[in-house]
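Notes follow once the structure below has been shown.
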Amino acid sequence: MVSRGWVMHVDMDAFYAAVSLLERPDLRGLPVVVGGGWRSVVLAATYEARAYGVRSGIPMATARRLCPPLVVVRPDPDSYARVSEAVMAIFAEVTPQVEPVSMEEAFLDLSATGRRWAGPEAIGRWIRDTVADEQGITCSVGAAPSKAVAKMASRAAKPDGMRMVAREDVVPFLHPMPVGALWGVGEATEAELHRLGLHTVAQLAHVPLTTLRRAFGEQSAARLHTLAWGIDEDPVVPQRRERSVGSSETFSHDVDDPDLVRRQLLHLAERTASRMRHAGVLGRTVVLTVRFSDFTTITRSRTVAVPTDVTREVHGTACSLYAALGLQRARIRMLGVRVEGITEVGQTLVQGRLDEPERGWREAERAADRAVARFGHQAVRPASLLCR
């Protein structure tokens with residue numbers, strides 16, 4: 001039986017592209033992307049395509065310029081769902097403590113495994129072999145004492161590899177890494193850490209807490225400090241509830257104005273966060289959905305450092321996800337903003353953002369909620385939405 005204290009993260013390699021190639025084995029080894037027509041965007045790319053600089057989210061025209069021999073295949077949502085379900089069933093053979101993160105990745109609590117397993121390495125090998133044999137795709141495996149380090153270990157193992165990080169190896173594993181590699185550290189946090197002269201996890205781990213508190217606030221500074229030492233108390237939540245809170249809107253005509261898109265994202269974030277506060281829940285993963293004029297749909301998500309119900313946090317993350325797509329006035333038909341990883345407010349200690357000190361945004365928005373409840377939805381609105 002596996003000793004207590006091991007968490008495993010398993011992530012499929014180039015999942016959507018790999019599944020799409022199951023029906024086209026003749027394309028293996030070629031630079032392939034999943035996407036729609038010339039005016040759509042890349043939904044997923046094989047590692048051969050990535051070698052040319054092609055990545056998910058870039059316009060298809062750009063991908064073709066970067067990689068003239070590029071092969072484009074249409075998305076196959078039914079196959080993605082079927083393979084994902086089969087992969088999750090493989091995980092369940094190891095332990096009942098499986099927390100799906102998305103269709104292509106999950107955390108496993110190895111303390112609940114059966115007696116037939118000799119240890120995390122044996123489990124990792126069995127999972128990789130079984131996924132490859134039964135589903136015809138590869139995966140990368142990381143195991144460590146915590147979810148955060150396990151996630152980083154699987155990333156370090158890509159593609160088609162395995163990395164075990166024992167408790168005594170956590171610090172040597174983490175400290176040479178750039179601060180941006182820490183789970184939950186986004187672009188804004190990374191930029192602020194660089195401004196402070198902190199470029200490696202080791203530098204972050206040894207900086208005085210007072211310095212971090214001045215830049216990020218009490219709770220966020222503490223979170224950064226513990227992450228830098230590989231400490232993460234977040235448990236594996238089996239069969240994470242499919243609860244999510246979100247809003248979407250289809251435009252009456254295709255939109256390509258970035259300013260209009262950002263205003264719409266604010267409107268959706270405001271509506272989503274308000275529903276969360278009304279329900280008394282917090283969420284940890286912000287999901288952006290973009291549907292284009294040719295009905296190609298792309299979804300991107302980011303897990304924030306601490307659970308939130310704040311419009312500003314949801315909107316900022318959604319805008320960051322949108323900006324990372326680099327769409328350059330692509331014609332958009334629908335936008336959606338959703339928050340997943342839902343927990344009850346009373347079950348979670350609300351911490352400040354890693355990007356800045358706490359400034360009372362939550363309290364201000366709850367005051368606005370009370371005004372809306374009393375005087376109607378037009379009582380308090382973000383200034384940028386007053387033209388709606």
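Each Cβ is built from the backbone N, Cα and C atoms, and glycine gets one as well.
Database features, via TrEMBL:
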ACT_SITE  Glu105  active site
BINDING   Asp11  Mg(2+) binding site
DOMAIN    7-186  domain 'UmuC'
SITE      Tyr16  site 'Substrate discrimination'
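Rounded to a whole number, the C-alpha distance linking Asp11 (Mg(2+) binding site) with the residue listed as 'active site' is 4 angstrom. When the alpha carbons of Tyr16 (site 'Substrate discrimination') and Glu105 (active site) are compared, the span between them is 12 angstrom. The C-beta environment of the residue listed as 'active site', restricted to residues of the same chain at least 6 apart in sequence and closer than 8 Å, consists of His9, Val10, Asp11, Met12, Ser154. Shown are the recorded positions Asp11, Tyr16; of these, the residue with the fewest other Cβ atoms within 10 Å is Asp11.
When averaged over the domain 'UmuC' (7-186), pLDDT in the model lands at 92.
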